[in-house]
Amino acid sequence: MWRTKAAAACVICRSLAHSNYGIKRKSPLQNLHLVSRSIHHPYHPSLKFQRRPLRISLQQFSSLNRLPLRKTKLLNVKYGYQSYRNFWLARLASRLLKIRYLILGSAVGGGYTAKKTYDQWEDMMPDLDEYKWIIPDFIWELDEHIDLEKLIKALPDADDLAKLLPDFEKIGESFTSLKGIFSPGYNLVSEVIGASDLLLLLGTPGETAFRATDQGYDSDKQYKKVSDKEKIDQLQEELLRTQLKYQRMLERLEKENKELRKLVLQRDDKGIHQRKLKKSLIDMYSEVLDILSDYDASYNTQDHLPRVVVVGDQSAGKTSVLEMIAQARIFPRGSGEMMTRSPVKVTLSEGPHHVALFKDSSREFDLTKEEDLAALRNEIEIRMRNSVKEGCTVSTETISLSVRGPGLQRMVLVDLPGVISTVTSGMAPDTKETIFSISKAYMQNPNAIILCIQDGSVDAERSIVTDLVSQMDPQGKRTIFVLTKVDLAEKNVASPSRIQQIIEGKLFPMKALGYFAVVTGKGNSSESIESIKEYEEEFFQNSKLLKTSMLKAHQVTTKNLSLAVSDCFWKMVRESVEQQADAFKATRFNLETEWKNNYPRLRELDRNELFEKAKNEILDEVISLTQVTPKHWEEILQKTLWERVSTHVIENIYLPAAQTMNSGTFNTTVDIKLKQWTDKQLPNKAVEVAWETLQEEFSRFMTEQKGKEHDDIFDKLKQAVKEESIKRHKWNERAEDSLRVIQHNALEDRSISDKQQWDAAIHFMEETLQSRLKDTESVIEDMVGPDWKKRWLYWISRTKEQNIRNETKNELEKLIKCNEEHAAYLANDEVTTVRKNLEARGITVDPCLIKDTWHQIYRRYFLKTALNHCNLCRRGFYYYQRHFVDSELECNDIVLFWRIQRMLAITANTLRQQLTNTEVRRLEKNVKEVLEDFAEDNEKKVKLLTGKRVQLAEDLKKVREIQEKLEAFIEALHQEK
């Protein structure tokens, strides 16, 4: 095929060479030479050089066709002229069309490819809408709480920005690095950051300039320039708003936390319905025992439900046996000293994880971790020491602990303090007797299983616990004997038959259901349970006691002991639990009958329910303080305050000023003394009066009888709450300062505006002076004795001293009649004159007695004169208002009492506002806090809520709870069967 094409090409070439085609040129016409054509073919006979074959096909070339691949230079081969055809426009058009098609095709293909790539990237991006809940709610609320316009106005200009941020480049670099970390895939964060224009202060220099350009920061006329101080103030204001917002959120959370804590503390009292969890059989039984333990301690009784009581001499290995059964070193250990100071109830149950927890705590201790084991031992030791009262060594309070783990036998064991024979130094004198009484209290339960622990490494004759056990269970129907430290016994005891006698029950004077021999370690407290088990198994495998058949295989190892104790425990439970349930059912019936007969119309409210009822009543009574009318508050405050300060006003201000000779001196003296009184004593006295008034009103609402509905069972509680609330309440410290200014301004005012105020001041002055005159008359009557009417009517005579004072009074009255403008004090010559006159009549008088009598006589005379002056001043308001100078009618004392009266009214009004607006609410808050504290203190509730009714309701609640839980346990026990 290639040869055919080449031959055809040669024919075409020859035809072209011999044709008359030519090119029109400006030069003379030349003939094209055949050799000058640059057309070569590989198959031409005259070809000398091998060139790349020209791939052509049979087609006629023209000026409109596509140009050949290689340019050929055509020369004229014949002489003469040929027509020149210029096709440069066609060539240019074809090239332009080629570029257009290329661009158009590239654009279409590139657009399609870009769209496909964008769709692929969009599909690869995760959908972040599902994760919006991760972002806090306040992030979405930023736009509501941040005023962007105000922040934009507060932002500095470009020039000021450089001054405010000298380290602009470093901040920009840090922000760029942060943006590089969070930019891929985190559009949500960028939106939150972009919500605040404060980014202008944090962006890079390039970004800042770019944003300033976009937002028009190049123009200084767009924003008003403000000073640096105003900018700082605006930013601080925004910061304070944000702080206040989060402070309110924090306070709300604290309040909710406190309410939730209170609900948790009262979950049993208010009957909060919680999701019922299916409990295991042993957990249900342990819960019953916990309730019974509290019931027994409260009423000095002992239930008869089965439990395994672990008793033994001190350091006999009780705790070690219990730890081997629980498969964890959970108890604090000591070398020979007493470590078990109170009974510890351990509830063993099977579970997937080896954990321990206390009855009153939700924390779980992982017994596979050494740090949790150490924390558990420390917690048990702390609880033991806290349960021991001052001056004692052991405690009767039971510590309840639950242990769950794989392979544990279900049972309830109680580890008791070890029995001692001698009280050592540091122990309480009654320690031995207390331990015996605790052990007897647990062992005298006819359904209790006694696990008697005996140290095999000591002589049997030194045992104390065996005698005690034989006394409590002489037939041995519920006793299991355990011999510990058999490895030491085998080494130390010369006769192995002695161990055999112990295990067979022939050596000790006691009987038992079964006898076991165990090894609980080598005496090293750091040994693990696994190593102790391995040592125990290895010892008994190699022991001569087993090889010589002195011990049987089922009598050794703690595993066999645990199985035997568990079987005995559940056998005892099944035999006795229904009988105990019937006993509590009978007790419940008796208590309910007693309640119906004694309190037929009252609900059975226990102590906690009564406390809640009393709490609501107390809070209602506190709310009643806000219902007191303002008029009542002001009347009480004004009356009480005047009773407190009237003596000071009369004795220290009015009387000394009234002794002056003219009105100017009177007013000056009054102003000075009022100023001193206001600066030092008056505000403090006013606050004291207000606080006492609040106490009196609070006490009145707390103690007033409510008629038939009043329940005196709450009286002690209400009194305690009232006293504690008043003790905690303190008046606002700034009240005195504000009162001082108000009182000073009130006393400075002297202008009485109308006749009504004038008459009110006169009435106020008359009442005050009449009261003082009455008191003075009473004092004088006591000094001089009864007058002639009382002496004749009531047959009362005067004493010798009263006769002397009566004569002295008569002489002094004569002196006043002679000089009605006499000064307040007697001169020495006047005292001598009075004494001489009395001596002339045979009456010897002491000068001090004369002066004392003169004080009361002159006081009565002055008060009567002042009252007469009040009557004269009733018509003096016109002179006062017109500022007439009339020496016969100067009513400065009326103005003084008007100032005092006005000060009292303004002070009472101010104190009333403080009471109703602030102090009553603060007192209510204190009452709530006191009630919450009392609610958490059970001892306080027991002390304040007492009586037969309360005790009977408590008994009913406990017995019902015990019976219900026992019935639920019995039902679960039958289902397990």
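Yeah, the Cβs are placed from backbone N, Cα and C, and that goes for glycine too.
Keep in mind it's a predicted model, so treat the numbers as computed, not measured.
Swiss-Prot lists Thr319, Thr340, Asp415 with the feature Mg(2+) binding site. Taken from Swiss-Prot, the feature coiled coil applies to 224-271, 911-977, supported by sequence analysis. Look at Swiss-Prot and you will find 302-578 tagged as domain 'Dynamin-type G'. The region 'G3 motif' annotation in Swiss-Prot covers 415-418 and is backed by sequence analysis. Sequence annotations record features per position, and here Swiss-Prot assigns region 'G4 motif' to 484-487. Positions annotated as region 'Stalk region' by Swiss-Prot: 606-853, 891-945. Sequence annotations record features per position, and here Swiss-Prot assigns topological domain 'Mitochondrial matrix' to 87-95 based on similarity to another entry. According to Swiss-Prot, the feature topological domain 'Mitochondrial intermembrane' maps to 113-787, 799-977. The transit peptide annotation in Swiss-Prot covers 1-86, and the record cites similarity to another entry as its basis. As annotated by Swiss-Prot, transmembrane segment applies to 96-112, with the evidence given as sequence analysis.
Feature annotations (Swiss-Prot) mapped to structure.
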residue	record	DSSP (3 states)
Thr319	Mg(2+) binding site	helix
Thr340	Mg(2+) binding site	coil
Asp415	Mg(2+) binding site	strand
Quick check: which same-chain residues outside Thr319, Thr340, Asp415 lie with their CB within 8 A of the centre of the Mg(2+) site CB atoms? Val310, Lys318, Leu322, Phe331, Met339, Val344, Leu416, Pro417, Gly418
Using DSSP, how many residues of the region 'G4 motif' (484-487) fall into helix, strand and coil, respectively? 2 helix, 1 strand, 1 coil
Local confidence of the prediction over the region 'G3 motif' (415-418), expressed as mean pLDDT: 89
Summary of DSSP states over the region 'Stalk region' (891-945), given as helix, strand and coil counts: 52 helix, 0 strand, 3 coil
Residues satisfying Cβ distance under 8 Å from Thr319 (Mg(2+) binding site), sequence separation of at least 6: Phe331, Arg333, Met339, Thr340, Asp415
